[in-house]
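The Zn(2+) binding site annotation in TrEMBL covers CYS93, CYS98, HIS169, HIS174.
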Amino acid sequence: MTTSITKTTSLRRNRPGTKLEDAYQFEHIPLEQFDSAFALQEYLQSLIRKDKENLDLLVELPPGQDEETWQYEHLRQLCLELNYLVVQLETECNRETCPEMKADEWMYLCAAHQTSMNCCAIDYIVHTLDGATTLLNSHRYFPSRISIPDTSLKHYQPISRRLYRIFAHAWFHHREIFESFENENMLYGRFLKLSDRYGLVAKNLLIIPNNYNNEDTDNNNVNDASLKIQEKT
Ligand SMILES: [Zn+2]
Ligand SMILES: [Zn+2]
């Protein structure tokens, strides 16, 4: 005898042969209807698919959730999506074009080693993203997706600060890639909104011109944001 599928999440799979443009086109459903250990992650991914430009809604704490877990899911998701930016950066960022990890007047040393090293930009970016992903997946620091140990919260800010530099390097040295990626994904916009909302990166460390995080630009569409970037440079 077959039993009917009752869990909503069981249905949220792409069928074999689904074309990419049709993939992940699930209907957005409320958080309480997700029924799995990864409910919050699935909810966040569903929100992003539904409207990645609605930054306020994306970072808004869902009712009944705690801020620490919500930030955790966002950071994990940022790492996942930053990998797609890195793939694009790799087409023009290499040891020859960018022998050091720089952005504006800043040069960054890679903290992914026993002692900080002067890795070239693309190595810095890959090492940093791998390091952040490993840390966020670490059972030692993050043993549960449901509650975050207080002692692990101290990792959010350093992770965010380092991830920010990936955006900053892309902005200052690979502007076309940055802009086309941002127009497509609004990932930097989301990162800034998240940082602003939860105090992840100190304002004085934000070196990319301030186009995305002004409250009065929230309702602008992507093209407007992109034009403002060009005006400022
Ligand atoms: Zn580069
Ligand atoms: Zn390194």
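Using the three backbone atoms N, Cα and C, a Cβ is placed for every residue, glycine included.
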Judged by other C-beta atoms within 10 Å of its C-beta, the most isolated of the binding-site residues CYS93, CYS98 is CYS98
Once DSSP output is merged into helix, strand and coil, CYS93 (Zn(2+) binding site) belongs to coil
Zn(2+) site, defined by CYS93, CYS98, HIS169, HIS174: further same-chain residues with Cβ within 8 Å of the Cβ centre = LEU89, GLU92, THR97, ALA121, ILE122, ILE125, ALA170, HIS173
Would you say which of the binding-site residues HIS169, HIS174 has the most Cβ atoms within 10 Å of its own Cβ?
-> HIS169
